[in-house]
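Feature annotations, reproduced from TrEMBL:
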type	residues	note
DOMAIN	5-122	domain 'Ig-like'
DOMAIN	141-249	domain 'Ig-like'
DOMAIN	265-386	domain 'Ig-like'
DOMAIN	394-508	domain 'Ig-like'
DOMAIN	650-754	domain 'Ig-like'
DOMAIN	756-848	domain 'Ig-like'
Amino acid sequence: MTKDPINYFLELIEDSLSVSSSASTPLSLNEGEALTLTCLASSSTSQHTHLSVAWYLHKDGQEDAQPIISLNRDFTLSPGQGFERRYQAGLIRLDKWGEASYSLKMAEVEPSDQGRIYCQAQEWIQDPDGSWYIIIQKNAEEMTLTVKATGWNFTQSSQPAALQEGQELMLSCNINTQDVEKRFFSVAWLKGSVELARIGPTGVLTVAPEYSVRQKNGELRAARTGNRDYRLILKPVRTEDQGEYICTVWPQERGQDDTFIEGEPKDSKNRLTVKMQQAVNVTEGGGLHLFCKVDGVQGQLSVTWQHKSTPTAPFTEIISINEEGVTEIAEEFVSRKVKVMRPATHNFTLVLDEVTLSDSGVYRCAVSERITNGKTHTQTQTTTVTVISIDTLMGVSLSSRKTRVTVGEKLELMCRVKGPHMPVTVTWSVQREAKTPDTILTLSPDGTISWSADQNHYQLRVESRKTEVMYYLLVIGTSHREGGSYQCNVSVLLKNVHKELKASNQLSVIVINRGTASCSHFGASLNKKSNFFPVSSENNENVVSFSSKQTIVSLDRNSIVTESQVDLRQRISMRRSKGPTFELIIRQARISDKGLYTCKVGEWLQDPRGEWYLLSTVSKSTVLTITEPGEYIYFSYFRNMFTCHIQLEVKLNCSITSGASGSSVFYRVIWHYAAHSSSLKKASLVELDHTGLVSYPENKDIRGLQERLRLSRPTQKSFYLSIQKAHEEDSGTYWCQVDQYQLDNEKDTAMNISRNQDFTFPCNINKQSSNESKFQVTWFWQKEIETKQRPIFTVYRNSTLEDRFGENVRLRYDHPDPSQFSLTFLNPGPDNSGLYFCEVEEWLPSLSRGWRKVAVEKSGHFNVSVLTEGRHVLTHLVISLSKYHKII
């Protein structure tokens, strides 16, 4: 048994993961100083992936690096082993800025942090079963960190500071040093100069005699709660317990005989301290605010702010404020927007606006206190500031819901600017073919728009969101000119200078033509009595030519004859009617006129800019056969022979293979029957009229057959007759008769007149924009052998008349109704034959511009032939009819 092969689909994912670090040069810090490092990690793959970023420390002499902190793919933070305590205390953080910036912040580095630090990014993808897999992993450059040990120190805290009698007082003393597990300390708490309790280097508690009773009663407790932490608790607290408490710490060195040697003590007496916030990240172009809080103040203060861009560079002064509150700005920062604020007595704030990338580095707050004895005591504190480039925070992309549009449609383009809200300049451009890009418009930060293109074809809309701003460009009525590659460029205004961001992607827009023309019918008919031969074709648009091996006649999109054979002009002409239908008229048909005739139609459209373009060219051909005229012309019906069994169903089909179609065309169908074995020669079985009504003509001889008939019409030109349970007596000949009807607004009228009789051209207005409208009506004439359309008579909107014929022709104008105009020819002759029509201009009053033209419409054509023989005139009059017209 052969098993079907298993097909596997392999999809390769491109490597687009990029990882880099902000600092790769060695860095040296003192114990307790702050460290901030930035890692840039991004991926541009089209797949749905997640990134995880982790910071690692690789100590000298160790084989593997240990994680400091990591941001997992599900956006959860995890501290590495050995860094949990500082993470929980808020001393170690990992912050994400913008789309691709990850910052490591260590508030107080320790000697154990010494080594090589780097960041690592991993890209993950999820399988259909829900499991996640790493597809790629990359490391950034390593940065070597050296930490200088500064000995040990400690801090004291009380909770709470204000108590009521009976509550609990808790005093904590925390020792900060490297390898605290290997060192010994003695810790004592004093109230004023009286020692309450002491914990020795081995953890033995000693209580002062005056507090021994309270210890026995459980009111005083002291213990070492951790390698670094010592705690004293008084509960219930009494009134006599109020006062200042001091924590004193002695380092202890253990001798070879296990005795301890006491070192120099440190106590927690109040003294000047300076605190600053932890490492700060600020966006390029934004404002930097650094806070400096001073505690333990006893005298007057002066503050100086300093900066250095690299760890090895010396500090340079930015701004200072002296004891009297006078501010002095360093020369280098005089042109910058910098100031010092003092929101509280012992709080100072440095404000630096419009920061640049060069403002990154270490900032120091130096506080000097002048005490009563004239001495000056100075304390400093530093923090690290990282200025994040606007390029890493802001992204520009261009998209559209539809990039393939039809001429005349609307096109909406969306320029998405992600990142912090900044004053930006947005420029839209389009590149057509191989040419240089053309600017469409520029939107300035203050909202002004500078147009380089025709603003009538565009609209701009701005939508501000929380993390992005959307700029919409709407193209109204697209033409082929709007096809091309679009792009939006964004620049940020920083210190009055425009900084260009990375341009958006190019978006290709294709403009396609509307539906093309189709030649729905091309046929010929012969009217023998008038010796008039029309060949007609229905189409959507304008440019037509009739040809066999050579072009006979051509009509342009303005219905003007542009090409016609001189020797045929008297007999052959072309006219256009509604549909549109184009007719080639051959008068006095000859045997030599037979052959293959081709109607070639070119459809032209005008785009929203007013330019004409060719959609397509289609053609159809018909064979014209000319025979010697007989007395009558017959229609032939094809009869198909069927042989069927009794009691079966017979289905007859009558299909129209030519003729007009459309919503204005209707058909009446009559099925006839002639029996083989009776006198029935032409009996009407069933009739479907042009309104859709079915009727059965009365005939008792075929009533039984009529009851078994079913009539169906699956398409406009297909008619089926079904005979159910056929009988032997149903044998005979069946055929269908089809009459065509159409809703027509044109009527041919023939008038027999004598030499002195006249004919009239009406011009009736069926609809108007307003009751205040005024009309200007002009009648035109085109001779049969000419292509020029000449105005012959004009009625202006102020009722002024102008006779423009100028060929000794007498005309009579009549205006019987506000919407009816007519022009009468008096005593016409053969020279007046040709094509006539009227054109109406509608005018409305305007307060701002006076009279303005709002519409122009042309009537149908009047095809007039004035024949010398018989002195009769044949006219085509356009009238407003809404009835069915039978086509013979």
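Along the chain as shown, residues are numbered 1 onward.
Placed from the backbone N, Cα and C atoms, the Cβ positions cover glycine too.
Note that TrEMBL annotation is computational and uncurated.
Keep in mind the model is a prediction, meaning the values are calculated, not measured.
Broken down with DSSP, the domain 'Ig-like' (265-386) shows 6 helix, 70 strand, 46 coil. Highest Cβ contact count with the domain 'Ig-like' (265-386) among the listed stretches 141-249, 394-508, 756-848 falls to 141-249 (criterion: pairs under 8 Å).
Mean model confidence for the domain 'Ig-like' (5-122) is a pLDDT of 85. Counting residue by residue with DSSP, the domain 'Ig-like' (5-122) contains 8 helix, 55 strand, 55 coil.
Here the domain 'Ig-like' (394-508) has, by DSSP, the following mix of helix, strand and coil residues: 6 helix, 65 strand, 44 coil.
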